[in-house]
Amino acid sequence: MTSTHMDKTGDGAGRKGFVGLVIGAVGVVYGDIGTSPLYALREALRPFAADGVHEAEVIGLISLMVWTLTIIVTFKYVLFLLRADNDGEGGTLSLLALLMKKMGRNVPVLFFAGLIGAALFIGDAMITPALSVMSALEGLKLITPAFAEYVPLASAAIMIVLFAVQSRGTAAVSKLFGPITVLWFLAMAAGGVIHIGDDWRILAALNPLTALSFLAHAGSVGLIVLGAVFLTVTGAEALYADLGHFGRRPIQMAWFVLVFPALLLNYLGQGALVLAHPEAATNPFFLMYPDWALLPVVILATMATIIASQAVITGAFSLARSAVHLGFLPRLRIKFTSETNTGQIYVPSVNLLLLVGVLMLISSFGDSESLATAYGISVTGTMVISTMLAFQFLRAVWGYSLVVAAVLLLPLFIIEVLFLAANLLKIHDGGWVPVALALAIMIMMWTWTRGQAYLKRLRANNEIPLDSFIRSIERKSDHSPVTVPGTAVFLTSVPDRTPNVLLHNLKHNHVLHEQNVILTVWTEDEPYVPDSRRIKISQLSPRFVRLDITFGFMDDPDVTRALALCRESGFKFEIMKTSFYLGRRNLVRTPNTGLPGWQERIFVVLEGFAIDPSDYFNLPSNRVVELGEQIAI
C-alpha cells in the first residue's frame, strides 16, 4: 500500500504522480467496495427465491443498489466527507480528534460516538476478509461442485498466509494492488456490458422513483432486503479513512472515472441476466461469465478480495496507532515495515486479534451466505456515527447554523438509520457477532481511558508540586543530595507535579544530576506536528529544565530524534551521557477506589499489554533506568 502523507488534494506530485495516486487509490481505497458485487444481489434476492423472482423485484432491487451507491458513496463520502479533513487526514478517529480540538475533550457524546465508530471498524476488519475470500472461492463450485466442502479450509489457509506476511511489510507487492484492482473493475464492467442487453428493462432502475415504488409496495420484506442492499456500499468508509494516504482528488477521480461506472454496469448486467434467466439468481455474478472465463475470473476475484482484505487490515493498524496516541488504548508494539514510508506499520497484537477473529468466523459460519447475514451492522453503525460527527463538524468547524446543518444531513441520517434498522433485524441470524465484537472493543477503550484519567487525578492529588520541590532542593544545606555529572531525564504525564521516579531516585540513591529534565510527551488532536512546534524548553532553575515534546496522533513518537532538535534551540546535552528514568508501575487492586471491580480487572489486564515506554518512545535501552512503584486502583 502506498501510504504517504499527502496534501489535502493529492495533486502536488505532477500529472504522472497524480495518475499513480489514482491507480493506488483504486487498489487500496476501493478494494472492499469492489468485492461487494460478488454477493450483494444474490443476498438481496434471497427473500424472494421461494416464490421465484419477478420483474418488479429485480428492477426495484437494482434501483435501490444504484441509488444507495449514488447517495451514500457519491454524495456523502466522495463529495462531502472527503472535504471534512483533519489536516489532510480522514477517518472516524481523525474527525473525532478535530472535534475534540474545537469543542474540548469533555464532550461525552462525541467521545462515545468516536469509540463506537472505531470499535465497529475493528469488527468490520474481521468480517470483510472472511466474507470476501469465501465469496470469491465459492465461484469454483460452478466449475466443480466437489470444491464446495474445501472452501472454508482454503479460505482459512489464505487468511493465515495473509496475516503471517504482515510483519514483513507489503511495500513490494502493494505496487501490484492498483493494477490488479483496475483489471478487476474492468472485468466487472465487461461482464455487465455483455449482459445489459439481455433485458433492456433493467435500465428503468436508473430512475430513483423505481426504488421508492419498490419499497412502497414491498411491505415488511422491503425492510429486510435493505440489509442486503446495503452490502453494495460496504467498504465506503475506506474512502474517508485513507484520505491521508492518497489525497482527495485522486480518490474522487478514481471513483468517477472507473469505480462508479464499473459498479453500475456490473449491477445492471446482473439484474438483466436475472430478468432473462431467473435461475441465475443463485449466483448472478459468476454466471455472467462464459465457462472459458470462469476460472480466470475466480482467480482475479480471489486476488481482489485478498487486496481488499489487506486494505482493511492496514486500516485497522492505522486506527490502532491513532487510538494509542489519542489515549484510547495502551501503548502497543508498533513496528515500521518501511524505512521511507511511515504509513507502513505492523501492530502484532492487532494482527493476532484479527487473525483469530477471522478464523473463528470462517469455522463458525462455513460459507459466505451465512456470514453475509452478520455483515452490515458494523458498517451501517460506523456510517451513522460518521454522519453524527459530520453534523458537529458542520457546526463547529465550518460554522453552519443548526438549521442548515440539519437540512443537509438529516435526510442522509434517516436513510442510514433505516439501513441500520434493517441490519439489526439480522441479530438472531449472526448479526450479534459484530455487535458483540464492537461492544467488547468499546468497553476496552472506555476502561483504558477512564483508568488513565483516574490515575492522572490520583497522581495530581498525591504528588508534590514541582515548583515547591525545586525551591526546596535548590536550597543549600547539609542534607542536600550529592551532585553527580551528566543529565537525568524524568518522564512524567503530569508536568507540574514532581515525578515519583525522581523522588524514588533521591530516596534510594541520594544523588542529583547536574542537569535534570522533566520530560512530558504530548499528543495533539491533529495528525502531524511540524518540527518547528515539536519541542518547548522552560528553564525552571539552574539545575532543572522542563521539556515538552509534542507529536501528532499519526506521528512516530520518536523521543530520541526529537531530543536532537533541542540542540538547535541551544539546549545541549550528549545522549550517551544522559540517563532516562522511568517509573514501572505495578497496579494493585483495592476495594472502594475509583473504578468498579470489573473495570479494575480489565484495566489491569490492558496494562499488561502495554509495552515499556523506552520501546514506545525509542529511547536508548542502555541509558534507561527503571524504578518500580505500586499504585492502588
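In case you wondered, yes, glycine gets a Cβ from its N, Cα and C as well.
According to Swiss-Prot, the features are:
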TRANSMEM  18-38  transmembrane segment
TRANSMEM  61-81  transmembrane segment
TRANSMEM  107-127  transmembrane segment
TRANSMEM  145-165  transmembrane segment
TRANSMEM  176-196  transmembrane segment
TRANSMEM  211-231  transmembrane segment
TRANSMEM  255-275  transmembrane segment
TRANSMEM  293-313  transmembrane segment
TRANSMEM  345-365  transmembrane segment
TRANSMEM  371-391  transmembrane segment
TRANSMEM  402-422  transmembrane segment
TRANSMEM  427-447  transmembrane segment
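Across 18-38, 145-165, 176-196, 371-391, 427-447, stretch 18-38 shows the highest tally of CB pairs under 8 A with the transmembrane segment (293-313). Scored on C-beta pairs under 8 angstroms, the neighbour of the transmembrane segment (345-365) with the top count among 107-127, 176-196, 255-275 is 107-127. Within the same chain, the transmembrane segment (211-231) stays apart from the transmembrane segment (107-127): fewer than three Cβ pairs sit under 8 Å, each pair at least 6 residues apart. When Cβ distances are compared across the two stretches, the transmembrane segment (427-447) makes no contact with the transmembrane segment (176-196), since fewer than 3 pairs at least 6 residues apart fall below 8 angstroms. Counted over residue pairs 6 or more apart, the CB atoms of the transmembrane segment (371-391) and the transmembrane segment (18-38) come under 8 Å in fewer than three pairs, which marks the two as apart. Stretch with the largest number of CB pairs closer than 8 A to the transmembrane segment (61-81), among 18-38, 176-196, 255-275, 402-422: 255-275. Among residues of the same chain six or more beyond the transmembrane segment (176-196), those with a C-beta under 8 A of the stretch's C-beta atoms are 1, 20, 23-28, 30-31, 34, 37, 202-203, 258-259, 261-270, 272-273, 276, 285, 288-289, 297, 300-301, 303-304, 307, 310-311. For the transmembrane segment (255-275), the partner stretch with the most Cβ pairs below 8 Å, chosen from 18-38, 107-127, 402-422, is 18-38.
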